[in-house]
Amino acid sequence: MSTLIIYFLGAFVRYWLITSEYQNVIAERIEISTPLNSWKRVTEGLHLLKLGIYPYAGDSLHESPLNLLAFNCLVKIFGEYLHIVFVVCDLLTSHLLYMSAKKYMEQIRKTQERNKANYAADAKDLLLTDKDFALSPIYVCVVYLFNLYTIFNCVGMTTTVFGNLFTALFLMALNYGSLFAALPLAIVISQSFYPILLLSPLFLHFVVTRKSYIKAGAAVVLCVMFWSIITYLCYRIYDRWDFVENTYGFILTVPDLRPNIGLFWYFFIEMFEHFRSLFIYSFQINVTILYLIPLSIRFRQDPMLLATSLLSLTAIFKSYPCLGDIGFVLSLYPCWKHLFNYIQQGFLVSCCFLVTTILGPTVWYLWIYSGSANANFYFGVTLAFATAQIFLITDILFSYTKREFSLIYGRIRKLNSKKAQLMLE
Amino acid sequence: MGILTDPSAGQGKITKAIISYHPKLSILLYISGITWFCFLAYTPLNAGTYFSENALLPGLVKSEFRDDGSAKLFYDELQDEMKKYDNSIPYPWILAKFQQIGLDTYTHNFTLNYPLGKSNTKYNGKNVYGILRAPRAGSTESLVMSVPYRPPTNINPTTAPGVAIMLAFAKHANRQKYWSKDIIFLITEHEQLGIQAWLEAYYHVVCGRRGVLDHGDLRGRGGAIQAAINLEFHDINIDRMDIKVEGLNGQLPNLDLFNLATRMCTKEGISHTFKNRENRNYRDPVKDWNYAFQTLMTMIFTQASGVPNGNHGLYHRFGIQALTLEGFSDRKTTNPGNFLSVGRILESIFRSLNNLLERFHQSYFFYLLPSSDRFISIGLYIPSVCFIAGALFLKACGKWFRLYKYLINLSEMSAEDKRNLELTENANENIKIISICGIFLFTHTIGILLMNSPKLITTVGSQYGYNTELSLYGGFAIIFVLLLMIPVLITIKTCYKSMTVLHVVALLEAATSLICLSMYNFSLGLIVGTFYVPILLLLEPCRCRAYSVIQKLLWFIAHPFVTLTLLVTIYTIFNFPNESFGENVLRGISATQQAVVFAIVDFMIYSNWLYGVITCVMVPNWICFWCVLFSTAKTDAYITIEKKND
C-alpha cells in the first residue's frame, strides 16, 4: 500500500509540474537540458523530418537517427499526451532500480553468508541485518522518485529520461545475471556513448559471479554486436554516415560550448585553436580510460559498485552533463546505505550540494539577466558542485574498502600500541 | 545501528573539536565577519578607483559646449510654461523645442492599474522623448539622458534646470558630427513609474505582475541602450554634484561609469559628493576610518532596501549602466548660474560613452564605496558575509555531530541502561524524515501563499470598509498570530533526534539563503546576517523554563513583521520626542502600514524582491525555528551519557 502511495506521489509531483506553467522554465535551464538531450532539439529534428529535409542538415539535432525515429513514433502515438510517457518512463526507471537494488542486496547477503567464516571476531556488528537488506531497495526507489534532480529532469522532458530507463534496465539485467543486459547497454551507448565504460562491469559480472569467461566474452561481444546493428540501422535509414559526426562526433569533440554544469566549456572557450585537440584528448581520456582500469581492478568483485562509480564519474566529467545523470547516480547510492556511517565528509558534501544547487541559478541569473556577474562566478559554482560529487564517490569507495578491511582483520584500533588509522593512499 | 560504533567513522580530531567548541567557534566566526567588514572602510585596506576601460578616456579632451546662453533662455521659458501646467509636463512646449532642435520627437502613454484594493483605480501618465540620430552609424546603439519632470505642485525639489540643460545640450549635440550612438533625450512623468513604463515599452517586457503597469507602446526607438545618465538639477547654479548609483534590488552600475562621472566633475571644477558626503582625508587613521565607514554605511542602508534612490536604478536590470547626477546649490545667491560647466560635464560624459566599442564589461559590477575615489570589490567584502553565514553552518555541523555522537553512545549502551533510558525518553524512536519534510513543505507553501495574498486581503478588507493600509496590516497581523500556533500541530516535538534534524536543516536553509541573498544584494544580506545570526546562534531548545521563555520572546521580536513595527515606532519616537508616547505609537504603526504597502506595491510594479524574500524565505524559516523552540525533547539523558563516556 505504502509503495503504491510513494509511486503515486512521485507521479503526481511530476505530472503537476510537467503540466504547469513552470515546465517551460525548467526545460530551458541549461542545468537540465543540454544540446545532447533537449527535447526542443528533438522537436526541431522531427519537424525537419516531417518536411522531408535531412534532419542533420541543421546543427541542432544530436540524437541518433534510430532514436529520432522512435521519438517520431512516440509523438505520433501519444501526441498531446506525450508528457505522460516521460512520467511513466521515470516511474518505470524507479521500479527497475528498486528491482536491481533488491537483487543486489540479495547478492550481498549471499556473499556475507558465504564468507562469514572468514570474518574477524569483532566484526560481527559490521554485518548487514535483514533490516538493511529490506530498506536499501526502498530507499533507492524513494530517492529516485523524490530527488529534485530527477524530478526536474523528467519535467524538463529531456531524452536523458529514456537514457536513465535503459541504464536502469541494464543494471537490473546485470544483477539478474542475464545476457539480455547487452541490449539496453547497446542502446544507451548509441545514445550517449560514455556508457561504453559499463562493458567492464558487464564483463566482470559474468567472470566473478558466473565464473565463466565464455559467458562474459559473449556478453561483451553481444553488446558490441547490438551496437553495430544499431549503428548500421542508423546508417540504413538515410544511407548516410554523417550522423556519426552529429552524435558521437558531437560528444567527443565538444563543438558546442554553451555553458553547462560540466567542466569542458570553460576551458575550451578560451583555448587556442591549435591546442584544442590535445586538450580534447586529455579531457576525454580523463572521462573514459583514466578511472576505468584502476576501478575495474579494485572493485572487480562488485560489478554493481563498479558500474555506479563509473556512472558517477562520467556524470561529473562527461562533455555535456545534466542534472538527470547526477540524480540517477545519487539514487543508486542508498544501495550502500550501510557505508554511510563510515563517510567522513558526509555533512560537508551535503552542504556543498545544497549551497551549489541554489547558488548556481543565482549566479546564472546575475550573469545572464542582470549582466553584473560573469562566467567565472558560474563556473566556480559548478566546479564546487563537481568537487562535492567527487568527494562523495571517493568517500563511498573508500568506506567500502575500509569496511572490507575491517571485516577481515577486525577493527584494529591500536597498532604497536599507537592509535591506528586507515589512510587512503 | 551497529555500524555506527566504528571508531574511525567521523570521530577524528576535527569532529571532536567541532562538537566541543562549536558554540564558541561560531561566535568567533560571526565576530570576525563583522570585524572584517568594519575594517574594509579603512583606507589602506581598500583600493583606489581607476579607469578600466580605455575607450572612456576621450571625454577628457577639450570641451566645446558653449550653449549656456540658450540653456538660460530655455530655463526662463520653461518657468513661464510651468505656470500653465499645474500637474503635468508642458508637452506642447517641450515637443516644439525638441522638434526645433531637430530631434525625432515622440510621446509615450502609460497606465497604472493600482493593484491593491477592490476599486480598479487607474493612473495615467505621459512621457516625452526625442531621439538624436547618430550621423556616423546606423541606429544600433544608443545612450539615454533622462530627467524626471516635477510639476510645481510636486513636493520634491524642482528638476526644471535639468530640462533646460538637457535641451541646450541637445541643441549643441545636434550640431556635432562625431556621434556614433543615438542619444535619447527623455523626460518622464510620475518619477520612477514613468521611467519603468518607458523601459518596459522600449523592450516590450513586463517586469512586475501582469496587468498592473500597462506600459503602452513606443513609436520610435534607438538601438540597444548602452548607458543612461539621469539628471536631477535643483538649481540653475550648481555648486555640488551628488552621484547616486544604488538601483533596484541593490544592483549597481559598472564602476567605470561612476569613475567617469566623478572625473568629469573634477575636470570641470564642480565638487562632487557621494551620499552627500564629500571626500575627506584625515591624518588621524581612526577619524579617517570613521568618516569612510559612515559613508559606507549610508550606502549599505540605501542599497539594502532595494528601492532605487533615483530613476537610474530602473535601468540596471536591462543591462543598461546608469546613474543619477543630482545638482545642488549651496549658496543662496542669484548669480546667473553655471550652465556652462554643467553642460561641459554632460558633453564630456557623453563623448566618452559615445566612444565605447563594447558594452561595459571591464571594471566592477559588485562593489561598495567608502568614498567616491575608493572602492571595495566583491573579493574583499564577500568573505565577511561568508564568515557570518559560516557561523550558522558551523552550528549546524556541531549539532549534527552531537546527534551523531548521541546515536553512537546510544548504540554502545548496555541493554539495561537502555531500558532505564526508555523510561525517561523515547530514545528508540527513529528520525521521522517524512514529518520533517512535511513541516518544510508546509511552511514554505504558507510563504508562497503569503506572497500572493495582498490582493485577496485588500479585497476582503475593502468589503468591510477598511482602507488598503489597515486591511493589509491587520490581515498580516492575524496571519502572524495564526502562524504562532503552528507548533501545536507538530507531532515530533518530543523526539530529540527529529527535532535536532529539523534544527540542522533550518540552520542550513538560513545559511544558504543568506549567502545567495548577499550575492544578489550584499547590503541586505549583511544587515539580515548581522541581525539574525546572533539570535540564531543563541536559539537552543532547553529545559530551563526562564531561558526558554527568553528565547521565544527574542525570536518573537525577530519576526520580520514585529521587527518592522518596532523599528518604525522607535524611529518615530526618536524623531518626534515632543509628542506623547501613545500618539507616537499610533504614528509609528501607521507609518509601518505605509511601509508594508510600499513594499508590496514595489514588488508588484517594479518586482522589488524585498517583500518576496521576506515572505518566501524568511517567514518560513522563522516558523521552522519557532517550531524548534517548542521542542520538548528531554536532553538530560543524552548529556549524562556524554559525561560517562568522556
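From the backbone N, Cα and C atoms, a Cβ is placed for every residue, glycine too.
TrEMBL annotations:
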TRANSMEM  B:25-45  transmembrane segment
TRANSMEM  B:375-394  transmembrane segment
TRANSMEM  B:433-451  transmembrane segment
TRANSMEM  B:471-492  transmembrane segment
TRANSMEM  B:499-520  transmembrane segment
TRANSMEM  B:526-542  transmembrane segment
TRANSMEM  B:554-574  transmembrane segment
TRANSMEM  B:609-630  transmembrane segment
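Between the transmembrane segment (B:609-630) and the stretches B:433-451, B:471-492, B:499-520, B:554-574, the greatest number of Cβ pairs separated by less than 8 Å involves B:433-451. Here the transmembrane segment (B:433-451) does not touch the transmembrane segment (B:25-45). Their Cβ atoms form fewer than 3 pairs under 8 Å, with each pair 6 or more residues apart. Cβ atoms under 8 Å from those of the transmembrane segment (B:375-394) belong to residues 18, 22, 25-27, 29-30, 32-34, 36-37, 40-41, 45-49, 255, 296, 364, 366-369, 507-508, 510-512, 514-515, 518, 522, 525-526, 529-530, 533, 536-537 of the same chain, restricted to positions at least 6 beyond its ends. Remote same-chain partners of the transmembrane segment (B:25-45), defined as residues 6 or more beyond its termini with a Cβ less than 8 Å from a stretch Cβ, comprise 18, 285, 288-289, 292-293, 295-296, 368, 370, 374, 376, 380-381, 383-388, 390-392, 394-395, 398, 526, 529-530, 533-534, 537. Outside the transmembrane segment (B:499-520), and at least 6 residues removed from its termini, the chain residues within Cβ reach (under 8 Å) are 249-250, 382, 385-386, 388-390, 392-393, 395-396, 399-400, 402-403, 431, 433, 436, 439-440, 492-493, 526, 528-529, 532-533, 536, 541, 609, 613, 617, 621, 624-625, 627-628, 631, 633. Long-range contacts of the transmembrane segment (B:554-574) within the same chain, counting only residues at least 6 positions beyond its ends with a Cβ under 8 Å from a Cβ of the stretch, are 476-477, 480, 484, 531-532, 535, 538-539, 581, 584-585, 587-589, 591-592, 595-596, 614, 618-619, 622, 625-626, 629.
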